[in-house]
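Annotation source TrEMBL lists domain 'Glycosyltransferase RgtA/B/C/D-like' at 73-221. For 12-29, 68-86, 93-116, 136-158, 165-195, 201-222, 262-287, 293-312, 343-360, the entry in TrEMBL reads transmembrane segment.
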Amino acid sequence: MISLIKNLKNKTILSILFLILVTLFFRTYRLDKLYSFDWDQERDASVVSSIIRDKKPVLIGPRVINDSGFFVGPFHYYFLLPFYLLTQGSPYAGAYAALVVELITVVAIYFVSLKIFNSKVAFISALIYSLNPSLVSWNVMYTPLLSIVIFYLCYLLLNKKTRLFPLLIFLFTLSINNHPAMLSLAIPIIVSYVLSSKKLSFKSITLALLFSILPFLPLIIFDLRHEFINTQGIINFVTTPKTINLTNSFLFLRSFWRAINILIVPIGFFQTLVRILIILFCSISFINLKNKNIKILVFTWIFAPLLLLSFYRGDIPEYYYTAALTLTPLLLSLFFVKYISTFYLSFFVIFLIIFQYLNFPKGINGAPSLKNKMAAASYIINQQQDPDFNVSYDLPLGMNSGYAYLFKFLGKEPKNIPSAHLYSIFIITNPAPTGELVYHDEILGIVRR
């Protein structure tokens, strides 16, 4: 018996080590060409650097929804803080933070799947998630981790285990403090409690109420100091009428369809086919679920965001469905484990890894990576012709951010003075601005005006 337990522990440890190595490879391979440093990353770097420099804490986090939206809590900034401290403000600090979150998420998916199902399902589900090369540092990067843990706590609640209910509520309120799209998880949480048919103790209710306030404390203090401007922003967002037309009436379905992209596949028919197969396989796994309560939980988990966002007439990015689609690897693994024998399952794992590797993206679809931006900024700083320089950005909207922090990090900033010579950064595939082309790589070019 003891040897059996040791054997199981060894298999678990080996599985986790393998998954960590796969995650590290797929999240860091070609990182220099795939990691972006745009508006969100520059904002995070600037705020965290100011916290370190001024030794002054902040009470609000990033603004969400749009420029006229409202602020969420500052958890994201404080999570990034040690990474910026350790790297002395490196713009890659966010990438290291995101990598840590991804590693923890893979391990969490493994253990949640192991607790609910079995080791095969755990390994395949975590492997599917680990093969995604996306690594973006922003306040939504915690969504898969928080979602899978909240899902497991809902599962425990279904099984009448209410001891961790305060933790469930705390993680839920923490998640909506990172992005309000996580509000949709309120529905499966309520459904789990109703299905459990077990009354909560007074202690659990009291602790849950106290824990639910904790993530909001910085925002409450901020509003008390600033005449409730953030609360007013939330009210304005909720009460402002949205334009309703036929075009965006079904936008929530289009965004959901596009969000089903957990595998790297070529754009076009093959991508459509893979998405259809993912939906089909997940549907079969859902139908095969034997536990009625788990089936209801999974159903509400996936369709709650669709229901809520069907009433929303604003822009609906794909990441609004991240929480719902966190269960996709789990449902896919249930399908593969059921319909592929153990012998062929090993070959399937090898096939998945090779397939993802062969389809690995070579860049950010023509957009500059952090490496491209750093190289351009470094050239301008290190050129000897003009000690004083200014910079203009002949770049598409969304590609012209990040540079201000990079110049500051590299130790020399543009000067808006008459004697400063103007350098223009542009996308090399676009017509060059008037002037002398002094630098270019595969994405960016620089013209001395």
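Every residue gets a Cβ built from N, Cα and C, even glycine.
Simply put, out of 12-29, 68-86, 136-158, 293-312, 68-86 has the most Cβ pairs sitting under 8 Å from the transmembrane segment (201-222). The transmembrane segment (68-86) makes no contact with the transmembrane segment (12-29): fewer than 3 of their CB pairs lie within 8 A, with pairs spaced 6 or more apart in sequence.
Sequence-distant neighbours of the transmembrane segment (93-116) (same chain, 6+ residues past either end, Cβ-Cβ under 8 Å): 12, 15-16, 19-20, 23-24, 27-28, 31, 35, 37, 41, 44-45, 48, 79-80, 83-84, 86-87, 122-123, 125-126, 129-130, 135-138, 141-142, 144-145, 148-149, 151-152, 155, 294, 329-330, 333, 370.
In terms of DSSP helix, strand and coil, the domain 'Glycosyltransferase RgtA/B/C/D-like' (73-221) has 113 helix, 0 strand, 36 coil.
Here the transmembrane segment (343-360) has long-range neighbours at 22, 26, 29-30, 120, 124, 127-128, 131, 133, 263-266, 336-337, meaning same-chain residues at least 6 beyond its ends whose C-beta is under 8 angstroms from one of its own. A Cβ distance under 8 Å defines the sequence-distant neighbours of the transmembrane segment (12-29), meaning residues of its chain 6+ beyond its ends; these are 98-99, 102-103, 106-107, 110, 114, 119, 122-123, 126-127, 130-133, 135, 353, 356, 360.
Distant neighbours of the transmembrane segment (136-158): 36, 40-41, 44, 61-62, 64, 72, 76, 79-80, 94-95, 97-98, 101-102, 104-105, 108-109, 112, 115-116, 129, 164-165, 167-168, 171-172, 174-175, 178-179, 181-182, 185, 188-189, 192-193, 195-196, 293-294, 297, 301, 319, 322-323, 326-327; these residues of the same chain sit at least 6 beyond its ends, with a Cβ under 8 Å from one of its Cβ atoms.
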